Amino acid sequence: MNINLSLLGQMITFGILIWFTMKFVWPPLTQMMEERAKRIADGLAAADRAKQDLANAEKASADKLREAKQQAAEIIASAEKRAAQLVEEAKVAAKSEGERLLAGAQSEVDQQVHQAKEALRQQVAELALAGAEKILRSEIDANKHSQLLASIKAEL
Amino acid sequence: MSASSNGPTATEYIQHHLTHAGAHSGFHLDTFWVALILGFVFLAIFGYAARKATSGVPGKLQNFVELIVEMVDSQIKDAFHAKSKVIGPLSLTIFVWIFLMNSMDFLPVDLLPLIAQHIGGALGYDPHHVYLRVVPTADANQTFAMSLTVVLFIIGFSIKAKGLGGWIKELFTAPFHADGFMKIILAPVNFAFQLIELAAKPISLALRLFGNMYAGELIFILIALLPFWIQWVLGAPWAIFHILVVTLQAFVFMMLTIVYLSLAVEDH
């Protein structure tokens, strides 16, 4: 162990090294490392936020989908209801139309029957009259018995 | 180099290896230049890394430098609770510089001295009087230079934290506190304690590092006296064990500096 002037020389070297490190080495390195730590923290926060956003978006889309399904179901139900209603209305209209046609036909038939009866009655009366005329030609005067003939005609 | 009949004796060999270059002039040229070159190696590597530093994806060199800086920084954050711009660079310099200087022990003990002798011989000097010790931390001048600088920082930190008056007052009132008359009686006792404390710190710092590295170097020299074919039996284990010593001593010096500085800024 031999302490001499070297001690001073080494102290000066040491001082210079410390000064240089303090000026040019330590600050940029620590600053850069802090910066990186901050960037990593920011990145992690952003990732968390993105995850949250994604979850929200998924929830919103599920809500929309459910709403749309519900609306579609409602629309289908109302359409079915309307269709049933239309069919019912058509049935009722057809029935009443049919009845109306039936009634018309019936009345026409009745009328024709009536007319035929009338015509038959006329013809029978004429035939009877003709027969009676033939029978009575000989013995009965038509003028004389017209009263009687008219009453027979009314009874037919 | 084993001692041969026409070579130096073992004693001469050891003495030759333990003599500093320029020892007779009162200035150890070998300690100075090796320490300076290693200091510049440290500054070059770390300065380059700091200049190129990016907060994005770091390169291999930056990663390595960051690893060391982060280690030093976390030690400081654990032990030192005041704010200081000096302690970080100081600790980093201590750790890396001491590590590099200690690492010179790993070079074969005869390599650099032999080269120096040949260069000296070529320059016209007597090769037997060309000396070189390559481990600056095995020179007490180097270790005391660092520990005394640390003491200057301890005093500076104390004065900055408590004011000049506060520091002087503390010299006379701590560690034993009292009031009134007892205070005056205890003042010289306190002062003596404080001086011992202040002196013990640099001595323990310097001698711990010096002792470890000097002993390590000496054992490497002794191993070098063995025949070359058996040297590895002792040399390899000692060198491997020395990796631990080199790192540990650098770390201990840095850690104690941080602890001393944190004590300096705390109130007693």
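Positions of Cβ are set from backbone N, Cα and C atoms, glycine also.
The model shown is predicted, which means the values in this text are computed figures rather than measured ones.
Taken from TrEMBL, the feature transmembrane segment applies to B:32-50 (among others).
Sequence annotations record features per position, and here TrEMBL assigns transmembrane segment to B:86-104 (among others). Same-chain residues lying 6 or more positions outside the transmembrane segment (B:86-104) and placing a CB less than 8 Å from one of its CB atoms are 34-35, 38-39, 41-42, 46, 68-69, 72-73, 75-76, 80, 134-137, 142, 146, 150, 153, 209, 213, 245-247, 249-251, 253-254, 257-258, 261.
Among the features that TrEMBL reports, transmembrane segment is placed at B:140-159 (among others). Long-range Cβ contacts of the transmembrane segment (B:140-159) within its own chain (Cβ-Cβ under 8 Å, at least 6 residues beyond either end) map to 28, 31, 35, 84, 86, 90, 94, 98, 101, 167, 170, 198, 201-203, 205-207, 209-210, 253, 257, 260-261, 264-265.
The transmembrane segment feature in TrEMBL is assigned to B:214-234 (among others).
According to TrEMBL, the feature transmembrane segment maps to B:240-263 (among others).
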What else in the chain is close to the transmembrane segment (B:214-234), if you only count residues 6 or more beyond its ends and a Cβ gap under 8 Å? 1-3, 10, 13-14, 17-18, 105, 108-110, 133, 135, 138, 242, 245
Do any residues, 6 or more residues outside the transmembrane segment (B:32-50), come within under 8 Å Cβ-to-Cβ of it, and if so which ones? 61-62, 64-65, 92-93, 96-97, 100-101, 104, 134-136, 142
